[in-house]
């Protein structure tokens, strides 16, 4: 009899736990994805803060030339970064217990791999948690689908690109200047500015910013007047009121006269779907571009594509970009190799014995 009571009590405890985890009445929804998201993101954030402040220099290139990235080793907020895991480790799984000591783990950049893997798992669970809450509230799944764009972008630069290049040392450093360094080296090695998927991403980000600003300014300008013309229209409203405060027909008419009739939306749902889809699709394409360039399917190469009647090269903008790429590449990892691959290849002219 005691066993039955204990089992019933434990089942009730587990049932209450399940109800609490999946309850939509909590101030912050947890969900089953949240059970994994919370510890992974807390771990990634904690290790990031500690490493950004106090991590010792990391031998990123695997040539016994450590690079300092933390605040206590001479960096500031702008120059500081979590240095990627050493090229000596490559793509190996490198938890703390695989190193001979904590000092060795830090020297080889173990914190970077720990942070990145926990972070990617955490943001993926955050996306799943968005879907889970939407499902329980009877909503459609578009919020999680939209969030998949930044998740795909982060996965591309922190995981897919290192896999394609063969080492976590090629991943994006976790810092401001480290991000810029990653962008410069990426351009030098893959000519990303000439990749059509990157161009679509630029159109998505800048276009999304433009459309967001246009929509916000139209909405805040198209107030339904609740006062006389001698009073401010703002007096007719309370901040946070439930009643609708703007007229989409008026906004549609204004914008249609500003450009042309069919340049504006007269349907609110179509408008907001467009505002969501434009940047999301653009960032999807950028993540796909990074993932293809990870395996060296690079941007277009139009170098020396224009010649005169005598075969002399007429430089175009593509040749200027190529020259800049070579300059950036020759300065990158200058002690790790004698020449970049592009500069080390040449044709041997035939000679008569």
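Heads up, the Cβ atoms here are built off N, Cα and C, so glycines get one too.
Checked against Swiss-Prot, the range among 274-288, 289-303, 304-318, 319-333 recorded as transmembrane segment is 274-288. Among the candidates 198, 215, the residue that Swiss-Prot annotates alongside 264, 265 as binding quinone is 215. Transmembrane segment is the annotation Swiss-Prot gives to one range among 87-108, 175-196, 197-218, and that range is 197-218. In this structure the C-alpha atoms belonging to residue 265 (quinone binding site) and residue 198 (chlorophyll a PD1 binding site) are separated by 28 Å. Between the two most distant C-alpha atoms of the annotated quinone binders (215, 264, 265) there are 10 Å. Comparing residue 332 ([CaMn4O5] cluster binding site) with residue 118 (chlorophyll a ChlzD1 binding site), their Cα atoms are 29 Å apart once rounded. Note: the CA-CA distance between residue 161 (site 'Tyrosine radical intermediate') and residue 198 (chlorophyll a PD1 binding site) rounds to 15 Å.
Remote same-chain residues near the transmembrane segment (274-288) are listed as 142, 145-146, 148-150, 152-153, 155-156, 197-198, 200-205, 207-208, 211-212, 215, 265 (criterion: CB distance under 8 Å, separation of at least six residues from the stretch ends).
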